[in-house]
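Peer 1: Below: one structure in structure tokens.
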């Protein structure tokens, strides 16, 4: 084994020289240069500095503007709440621990940080899945005479919390566990060991299948069908410049949304699966830290893609920030043209 396993931790370094110490008790500067911990703390501070205002503004603007409080926007508020969970439950903790060079909050703190970071990330993940399903149902109309209402939106939000809890709670009660990972300043699910009594193997397989492969397949299917519907509408109305413009805009949005999903989750899931299937192989502390950066940064680019790209949200945000006036109102209004002749429009399938 090219690492050192201890009670509730795994250090990616063989203890041949006797320098390896518990990440709950001693600085881990023997793993990487102390400057790396400063960079980690600075990155977390940047995520908080940008992620908190954007997501908080989303909630505030929705409360202030009644026209935003529609069932189709409930899942976006849920996404903002999930990102705030990651900001307060994960990023603030990592700043504090990176300043010390180890997980100074102990075993209980590791469980709390790991739980909130996982819960927030999973709520965000399943919010994107529900969002894709909602757009597919509204635009492609696979169910005739179906009208999306408030009860459906609430069920969608409840579903995201149920699925997120189904991933974040088990490690607290004995099915897998939370341990320090990467540079040992943040905690995550144990992909690294086959510790007796925790059934890590079955949990990782369950998580990879249910909480990555299935969401990826659903998002791909829904946006693929949506894109086909938009292109069919555009082909049927080739003489309409409005329809052609809507088709191009929607296609661009779909591509951005799928790429954003993959950038967020593919690196982390791939590395976690590699570590799990190659336990005992040699890898450095940055091997898991860097992919985690992509997943954590979703608290910034998720609202940018799914909220700020939505014309209605963007207009209300600018109005709120500019004390009730939108200096770009003419430009915003001109770009909200909808296709009357078809059931597909850029506003109905936009990220919000």
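Yeah, the Cβs are placed from backbone N, Cα and C, and that goes for glycine too.
Swiss-Prot lists 2, 15, 200 with the feature N-linked glycosylation site, giving sequence analysis as the kind of evidence. Among the features that Swiss-Prot reports, region 'Disordered' is placed at 331-352. The feature topological domain 'Extracellular' is assigned by Swiss-Prot to 1-36, 97-110, 174-202, 275-286. Residues annotated as topological domain 'Cytoplasmic' in Swiss-Prot, with a curator's inference given as evidence: 62-73, 134-152, 225-252, 309-352. Look at Swiss-Prot and you will find 37-61, 74-96, 111-133, 153-173, 203-224, 253-274, 287-308 tagged as transmembrane segment, backed by similarity to another entry.
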Peer 1: What whole-number Å value do you get for the CA-CA distance of residue 200 (N-linked glycosylation site) and residue 2 (N-linked glycosylation site)?
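Peer 2: A Cα-Cα distance of 19 Å.
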Peer 1: Roughly how many Å separate the Cα of residue 2 (N-linked glycosylation site) from that of residue 15 (N-linked glycosylation site), to the nearest whole number?
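Peer 2: The Cα atom of residue 2 (N-linked glycosylation site) is 9 Å away from the Cα atom of residue 15 (N-linked glycosylation site).
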Peer 1: Would you find the one among the glycosylation sites 2, 15, 200 whose Cβ has the most company, meaning other Cβ atoms within 10 Å?
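Peer 2: That would be 200, with the most Cβ atoms nearby.
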Peer 1: Honestly, do the transmembrane segment (153-173) and the transmembrane segment (37-61) touch, with at least three Cβ pairs under 8 Å and pairs 6 or more apart in sequence?
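Peer 2: Counting Cβ pairs under 8 Å (6 or more apart in sequence), the transmembrane segment (153-173) does not reach the transmembrane segment (37-61), since there are fewer than 3.
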Peer 1: Counting CB pairs under 8 Å, which listed stretch among 111-133, 203-224, 287-308 touches the transmembrane segment (74-96) the most?
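Peer 2: Stretch with maximum Cβ contacts: 111-133.
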Peer 1: Could you tell me what the rest of the chain brings near the transmembrane segment (287-308), counting residues at least six beyond its ends with Cβ under 8 Å?
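Peer 2: Cβ under 8 Å, 6 or more out: 12, 40, 43-44, 47, 50-51, 54-55, 58, 76, 79-80, 83, 86-87, 90-91, 120-121, 124, 128, 131, 181-183, 186, 188, 256-257, 260, 263-265, 267-268, 270-272, 275, 314, 317, 351-352.
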Peer 1: What counts of helix, strand and coil residues does DSSP assign across the topological domain 'Extracellular' (174-202)?
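Peer 2: Helix, strand, coil within the topological domain 'Extracellular' (174-202): 3 helix, 8 strand, 18 coil.
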